[in-house]
Amino acid sequence: MAAAAAAAAAAGDSDSWDADTFSMEDPVRKVAGGGTAGGDRWEGEDEDEDVKDNWDDDDDENKEEAEVKPEVKISEKKKIAEKIKEKERQQKKRQEEIKKRLEEPEESKVLTPEEQLADKLRLKKLQEESDLELAKETFGVNNTVYGIDAMNPSSRDDFTEFGKLLKDKITQYEKSLYYASFLEALVRDVCISLEIDDLKKITNSLTVLCSEKQKQEKQSKAKKKKKGVVPGGGLKATMKDDLADYGGYEGGYVQDYEDFM
């Protein structure tokens, strides 16, 4: 009986030991369940990463991104080229309109020969300016200007200053043989677009200037005549008379003067 009791006690201890052993919580399960304070630190550690089948895939993606950027630049260049073409098209259309106006006769309004010439010159000037602007845009000419060309007068004072600069620029060539003809052509060309009343004002101003110059020229000629020598020995006779008044006779100083002469 005593032996059976001892065996039963030993079996009981073994069962309790097994129970204690298998009742322990699985550390892995406890960590996964968030039972411990430091469980979050290892969270996701065992998750499978998105591992690429081929290590060259990263390089291929980088190459694709690099190839996309030049496409953007090319599209920008295309936009610029399209803008340039549009400008050229508008410029060409404008030139064709000007050329058409130059060639077709004026039917709606009867113009005098002078007015027709003025209109043609004006249109020709517009066409030349249009051609010059197109050439600048085509060849990328820098439009940075200085001095007179940089001025853009709008007020009376601005035009006064602009006129002074133009005068200083032009009058430095007044000694040239072609200066007068140059001014004649210049005044005619710059006055083409003016109204009749404005032309009359300019004409009157030039007429007054011409009258003043004529008066000055006459006065200058009169002064030269007074200072001139009288022909036929008049100056010698006058000096002789003056000496005779001092001497009172034909000898003396007069005779000495004649001997000296």
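Glycine is no exception: its Cβ is also placed from the backbone N, Cα and C atoms.
Quick caveat, the model's predicted, so the values are computed rather than measured.
If you look up Swiss-Prot, you'll see 1-113 marked as region 'Disordered'. Annotated region 'Sufficient for interaction with EIF3B' per Swiss-Prot: 4-72, in sequence order, evidence recorded as sequence analysis. For Ser14, Ser16, Ser23, Ser130, the entry in Swiss-Prot reads phosphoserine. Annotated compositional bias 'Acidic residues' per Swiss-Prot: 43-64, in sequence order. Feature annotation from Swiss-Prot assigns compositional bias 'Basic and acidic residues' to 65-109. Annotation source Swiss-Prot lists SUMO2 cross-link at Lys109, citing similarity to another entry. If you look up Swiss-Prot, you'll see Thr112 marked as phosphothreonine, on the strength of similarity to another entry. What Swiss-Prot records for 246-261 is region 'Promotes stable association with the 40S ribosome'. The feature phosphotyrosine is assigned by Swiss-Prot to Tyr257.
Figure note: comparing Cβ neighbours within 10 Å for the modified residues Thr112, Ser130, the maximum is reached by Ser130. Across the region 'Sufficient for interaction with EIF3B' (4-72), mean pLDDT in this model comes to 52.
Separating the Cα atoms of Thr112 (phosphothreonine) and Ser130 (phosphoserine) is a whole-number distance of 27 Å.
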